[in-house]
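Annotated features in TrEMBL:
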type     : residues : note
COILED   : 618-648  : coiled coil
DOMAIN   : 405-511  : domain 'TMC'
TRANSMEM : 131-153  : transmembrane segment
TRANSMEM : 201-220  : transmembrane segment
TRANSMEM : 296-317  : transmembrane segment
TRANSMEM : 337-360  : transmembrane segment
TRANSMEM : 372-396  : transmembrane segment
TRANSMEM : 416-435  : transmembrane segment
TRANSMEM : 513-538  : transmembrane segment
TRANSMEM : 584-601  : transmembrane segment
Amino acid sequence: MRRMSVFPQHGTALGNLGLTANEIRQETENNTSELISDLVNLSARARFQAIRSLPMPFNEKKAIRNRVNSVKLSKTILAADCRQQVSRSFRRFRASLASARQHLIIWQDTLKGIGSRFGTSVLSYFLFLKWLLKFNLFSLIVNFCFITIPQIVHEPNISSITGFRGLELLTGVGYFNQTVLFYGGYNGEVIVSKPTYNMQLAYFFTIAAYLVLCGVSLLYSMSRSFQKNFVLETGPVSGGAWRLLCSWDFSVVNEKAIQYNKNNLAIQLKESLSERLQEKNQMSLSDRIKRLSLHLLAWLLSLGLAVGSGAGIYFLGTNQELAFSSNHDPSDLGAEASTLLLPVVVSLINLIVPLLYSLISKIESYSNPRAMIYISIVRNVILKMSILGILCFYWLDSVPEKTSCWESFVGQSVYRLLIIDFIFCLLGIFFGEFLRNVIGTMCIQTLGVPEFDIARNVLDLIYAQTLAWIGIYFSPLLPVMQVLKLFIIFYLKKISLSMNCQPPKHTGRAAQIQTVFIALLFFPSFVGALSMVAFTVWSLKPSDQCGPFQGLDTPFHTIFSWTDSLPEYHWVGWIFENILRSELFYYLISLIVLVITYFLWQITQGRKQLIKTLREQIVNEGKDKAFLLNKLKNLQKERREMASYRSQDYDQTPYFNPNWMNTLPLDM
């Protein structure tokens, strides 16, 4: 490129060459055109550098840049410029999509506000609620698209229906009895279309696919959460150094919340110091026996309450609901309202017995608050799962023998439990948080502001989600109620948290708490619900008068009927007969899972050993540094002492004696 072609060479004036003004102007224009053509062929970066280095005024550089741009726009766009523009457009489009996605994420700003005011421990509850909402939204969309819409479009399975009276919203019977809300509103006919739509297969595979996806998602989330958040510790994580340096929640920006966190941190430091003092003070044998006896008595009382609650619920259910199911009159509102007795009793037990567990924990007087929290969680889980276990046994053992359309009856029972649990949740927000705050701030100020009980609220969510998973087979549209319930609870809890509650004082690390919640949701919640649905599908005979599987020995036999209808040597039938029904296949799968589990366990053990070695190395390096610092300090001290000793004993300053002549001998 001739970068200087627009100027005369070697300082020679064009006028001295015998050229006229027009010829000079023409020559200058030609040189400028050549310069512009050379600049056009350069890349954007090189062109920018070339124009910038031209020895001319800024206005002329600007004029040349404008001419270059106009020439580039008038010509055909080169491939490099085209790629740059396409890349730039894609980057802008991606940025706009990311911005739109941030706006579309539900409750994004609300969750940030909760985290900034109350910390990550309280935020973990709302994140868990949002996570459950995604599960139920997915279930609602899948069931509604693949089960409900084909049934509604084809022909609703409704033989007789009563008028709507309002009580159905609580009981689920009456008007809702044979709607698509429950199992009895579906039939197993093949919808004639192109292609044909088998309602039995759609019902079976939709429920099975949803449960499998839930299980995979729970396993993946639990493993990721454990990998990221659950710190492998050789000792307790509640040491003073960890509390001071690592436990502060920097997402909190609200002044009042910051003061709460300071107070809670002071309490936790005191508790940590008291724990260390208790570890140093060895208990006598008699004190240990007394404490062990107290813990054993507390556990016996807790288990006794759980067993007694389960037995009472079983006998109440067998005497109350079955009587209504066999001899009920659709117009009898009193008999219909009596079905609410069992869910009300269950909700009262879930409300009162945890309070008794709290009193038992206070009597035990645990020295470690975290241990008290986790023991309380375990006891409440045992209570809720024992209640659900008794109810499932009652539904699968007694109900199929005495009820004609027993699947719809089970679905209505689960529906009532969900509705009454939601009502008690609303009452708990009002009486347990609002009135408690009013009493603690205006009447009895020593009570103070109530704490937001994360463990209790999360266990309530797990209980409700377990009911939703149990009822998904008996009521395909039950996720509708769960979605509405979670939406309402989110906003009511947010308002109550802002107005009535303070963050809890005794909490573990928020990341570890969230991991524990997901683990509890998987086991025993999801595993128990999956076991009940699997037992229903594989072992129980479906109703002969309602539902998509009427006339079959078990709902699983619809797979046999489908494979028998396939052409011979069809790949689906071959896979089902030779792989899925083969014991060897499941043996190999179990063996592979065990081998992978063993390798992962070995990797975990190796990482634990590596962490232990690194910690020992850190401790040894600290000791080495302390030793070197002490040696350096002693060496400096010795040098200072030697320097001061020499300055006192060996003063080398020249001394002049003015009477030096008197020291000479007299004979001189």
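Here, residue 1 is simply the first one shown, and the rest follow in order.
Placement of Cβ uses the backbone N, Cα and C atoms for every residue, glycine included.
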The domain 'TMC' (405-511): DSSP-derived helix, strand, coil residue counts: 80 helix, 2 strand, 25 coil
Range from 131-153, 372-396, 416-435 with most C-beta pairs under 8 A to the transmembrane segment (337-360): 416-435
Segment-segment contact (the transmembrane segment (201-220); the transmembrane segment (513-538)) at 3 or more Cβ pairs under 8 Å: yes
Tertiary contacts of the transmembrane segment (296-317), as residues 6+ beyond its ends and Cβ separation under 8 Å: 341-342, 345-346, 349, 353, 356-357, 360-361, 363-364, 379, 382-383, 386-387, 389-391, 393-394
Integer average pLDDT (0 to 100) for the domain 'TMC' (405-511): 88
